[in-house]
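Engineer: Pulled these features from Swiss-Prot for this protein:
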type	residues	note
SITE	ARG7	site 'Important for substrate specificity'
ACT_SITE	ASP64	active site, proton acceptor
SITE	THR65	site 'Important for substrate specificity'
SITE	GLN147	site 'Important for substrate specificity'
Amino acid sequence: MASSSPRRQELLKQLGLEFESYAPEIDESVQYNETVEAYVERLAREKANTILQQFPQSIIIAADTSLSIDGKIIGKPESKQHAFDIWSTLSGRRHDVFSGICVAASNAIHSCVVKTSVEFQTLSMADMELYWATGEPLGKAGAYAIQGIAAQFIPRIEGSYTNVVGLPLFETIQLLKRVKAFN
């Protein structure tokens, strides 16, 4: 697996797959005029290709997750203020979570993008302060973890729950089947 994300590792373990995890080093900068869909798919493919070069006989799973609201790509918070800015934007609104998934093997590379719409309740400054104090928002796209404390802020989603966690399992299995790595 081309990821050091504990959440992605936990999700893959649910499938009963044996795997090793490697963190690829790639440039995650957004390219000029790049859509969120193109961005997450490009990063997933770059991550997979980077690790496949090191382990050419392996099957590599890679993913990247970002949010989009008002046409803007929202990644991980860089500071407390950045997290608060993100939450202020998400507060009381719907946003979309996109994951690019790539499964790469020596004979084939397949990828796709999955979208889930997430509704956030209106957050007070006290909500934001308390949530920040938990440490949970760090390292998470959109500065929240749907599988954790932030679940209390999300009344509904439309689409794949595991996509919002960071690895849409249904689509991952479909890609593994395409490279004949899953029955």
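Each Cβ is built from the backbone N, Cα and C atoms, and glycine gets one as well.
Because the structure is a prediction, the values reported are computed rather than measured.
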Engineer: Of the recorded positions ARG7, ASP64, THR65, which one sits closest to GLN147 (site 'Important for substrate specificity') when you measure Cα to Cα?
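Structural biologist: Going through ARG7, ASP64, THR65 one by one, the closest to GLN147 (site 'Important for substrate specificity') is ARG7.
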Engineer: What does DSSP say about THR65 (site 'Important for substrate specificity'): helix, strand or coil?
Structural biologist: strand
Engineer: For a quick check of understanding: among the recorded sites THR65, GLN147, which residue's Cβ has the most other Cβ atoms within 10 Å?
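Structural biologist: Ranked by Cβ atoms within 10 Å, first place goes to THR65.
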Engineer: What is the number of other Cβ atoms found within 10 Å of the Cβ of ARG7 (site 'Important for substrate specificity')?
Structural biologist: 19
Engineer: Could you give the Cα-Cα distance between THR65 (site 'Important for substrate specificity') and ARG7 (site 'Important for substrate specificity'), in whole Å?
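Structural biologist: Between the alpha carbons of THR65 (site 'Important for substrate specificity') and ARG7 (site 'Important for substrate specificity') there are 12 Å.
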Engineer: Given ARG7 (site 'Important for substrate specificity') and the residue listed as 'active site, proton acceptor', what distance in Å do their CA atoms have, once rounded to a whole number?
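Structural biologist: Given the Cα positions, ARG7 (site 'Important for substrate specificity') is 12 Å from the residue listed as 'active site, proton acceptor'.
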Engineer: Quick check: in three-state DSSP terms, what is ARG7 (site 'Important for substrate specificity')?
Structural biologist: helix
Engineer: How many other Cβ atoms are found within 10 Å of the Cβ atom of ASP64 (active site, proton acceptor), counting all protein chains shown?
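Structural biologist: Taking every protein chain into account, the count is 27.
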